[in-house]
Amino acid sequence: MSKPLEGIKIIDFTHVQAGPACTQLLAWFGADVIKVERPGAGDVTRSQLRDIPGVDALYFTMLNSNKRSLTLDTKKPEGKEILTKLIKESDVLVENFGPGALDRMGFTWEHIKELNPGMIVASVKGFSDGHHYEDLKVYENVAQCAGGAASTTGFDDGPPTVSAAALGDSNTGMHLAIGILTALRARDTTGKGQKVAVSMQDSVLNLCRVKLRDQQRLDRVGYLEEYPQYPHGTFSDVVPRGGNAGGGGQPGWVLKCKGWETDPNAYIYFTIQGHAWAPICKALGKEEWIDDPAYMTAGARQDKIFAIFGTIEDWLKDKTKFEAVDILRKFDIPCSPVLSMKEIAADPSLRASGTIAEVEHKERGTYLTVGSPIKFSDMKVDIKGSPLLGEHTDEVLESLGYSSKDIAALHEKQVV
Ligand code: CAO
């Protein structure tokens, strides 16, 4: 089956997570992604957090599936020549080097545009161009702090907290993928490429949109009624950390289930959706609350919301998280068990949908990865194992017109 991005050639100059997550997604959808890596070393994640000595780490394999690997020292003249040839015949160059690295290598946007006016150059940086921190190198948690996520995550009596979700890295990569596809669409009509830039700070902030909403509400009225600090606690002039409170108009919290004393994930998330109040009362056996003026509206419930959560926890005491959700789903109550990574890895629905995919790797055997979260009616996304370092060097060089003698010489000089 042909894939929509077949025919799009991408020079993947990315490393670690933010850039590789972007190009992996484009590779799944059919683009020919050629990962350019330094000879002998490659992407630093190949050797970071290894679980099998000498074998590419899961950190690398889970972010670089469906790609080809070309080793190339782009600081050597012959390496620059090869990169120049590649640029002339590619559609997109994606990079997430530290600020200025591509320019220092001699490949400024102006130069790339001269070589190939249709080229799209897509970059991830920590901060946007012209930002007062634009010179900073940035990793995931730095971005979570700079983008407003850390100050608003965690509990009121604890420090700013980062999320386990890669809001700075993979999230930025997803934003960049949208930018690249948009630029490709624009090129269809203009014939011209362009520069696409996404900063990690901006991408985190884009997901923290509701917290900027809350800052403005707080500035105006002095309190935020959906936060646990309301109405019994106090507010300062900045959005507080809201613990596990729901971020919209539906109060919710993480609640203990049977076994919580020993199982760190024996919890469910429970949402009190306004119009589901009657079903909630029925599910809990608290029918008397349905028409009680002290409980029947969201406003009336607000000052005793934690007492209500306490009653629900009482009801949950003899139910596992799975039993509880099986009961509550019949009452149309938005809820979920808190799933551990072990449970997710074994989840039959996630396996069946391809969201958890078992992939074959030449050296490590099979491993699990997260497949495409985007499902298409007319395309099946097949996840292939990540490439070994330099696995496709010779075939890429041959396609650029290098003879086997030239290629041997390039290996000899450690250009590739
Ligand atoms: N051949 C020769 N040189 C190469 C090369 C190749 N194939 N690939 C990379 N290099 C060189 C670069 O040209 C650069 O050289 P100079 O600094 O001398 O110009 C050098 O390698 C280091 O690049 P770097 O600054 O990107 O690497 P780092 O390890 O010091 O920093 C990181 C890593 C992630 C902090 C930085 O790349 C960064 O801030 N990137 C932008 C933000 C980002 O994407 N962060 C998310 C990473 S995922 O958590």
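If you go along the chain as it appears here, the first residue is 1 and each next one adds 1.
Cβ from N, Cα, C; glycine included.
Where the annotation comes from TrEMBL, it is an automatic prediction and has not been curated.
Annotation source TrEMBL lists active site, nucleophile at D169. The feature CoA binding site is assigned by TrEMBL to 15-18, R38, 72-75, 96-98, R104, 137-140. Summarising the annotation, TrEMBL assigns substrate binding site to G248, G249, Q250.
Overlay of TrEMBL feature records on the structure.
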{"residue": "H15", "record": "CoA binding site", "DSSP class": "coil"}
{"residue": "D73", "record": "CoA binding site", "DSSP class": "coil"}
{"residue": "N96", "record": "CoA binding site", "DSSP class": "coil"}
{"residue": "R104", "record": "CoA binding site", "DSSP class": "helix"}
{"residue": "Y139", "record": "CoA binding site", "DSSP class": "coil"}
{"residue": "D169", "record": "active site, nucleophile", "DSSP class": "coil"}
{"residue": "G248", "record": "substrate binding site", "DSSP class": "coil"}
Review point. Quick one: which of the binding-site residues (G248, G249, Q250) have their CB closer than 6 Å to ligand 1?
Key: none
**Study point:** Distant-in-sequence Cβ neighbours of G249 (substrate binding site), under 8 Å, six or more positions away
**Key:** E226, G274, A298
Review point. Per residue, counting other C-beta atoms within 10 angstroms of the C-beta, which of the binding-site residues H15, Y139 reaches the highest number?
Key: H15
Practice item. Measure from the CA atom of G248 (substrate binding site) to the CA atom of the residue listed as 'active site, nucleophile' and give the result in Å, rounded to a whole number. Key: 25
**Study point:** Neighbour-count leader, CB within 10 A, recorded positions: D73, D169
**Key:** D169
Exercise for review: Return the residue, from the listed binding-site residues N96, Q250, with the maximum count of other C-beta atoms within 10 angstroms of its C-beta.
Suggested key: N96
Check your understanding: When a 10 Å sphere is centred on the Cβ of A18 (CoA binding site), how many other Cβ atoms does it contain?
Key -> 30
Check your understanding: Among the binding-site residues listed here (A18, N96, R104), which has the Cα closest to the Cα of Q250 (substrate binding site)?
Key -> A18
Revision key, fill the gap. All chains considered, the count of other Cβ atoms within 10 Å of the Cβ of G248 (substrate binding site) is 11
Point to revise | Environment of G248, G249, Q250, the listed substrate site - residues of the same chain whose CB lies within 8 A of the CB centroid | key: E226, G246, G247, P251, Q273, G274
Practice item. Sort out the sequence-distant neighbours of R104 (CoA binding site) for me: same chain, 6+ apart, CB within less than 8 Å of its CB, listed by position. Key: none
Check your understanding: How many whole Å apart are the CA atoms of H15 (CoA binding site) and G248 (substrate binding site)?
Key -> 36
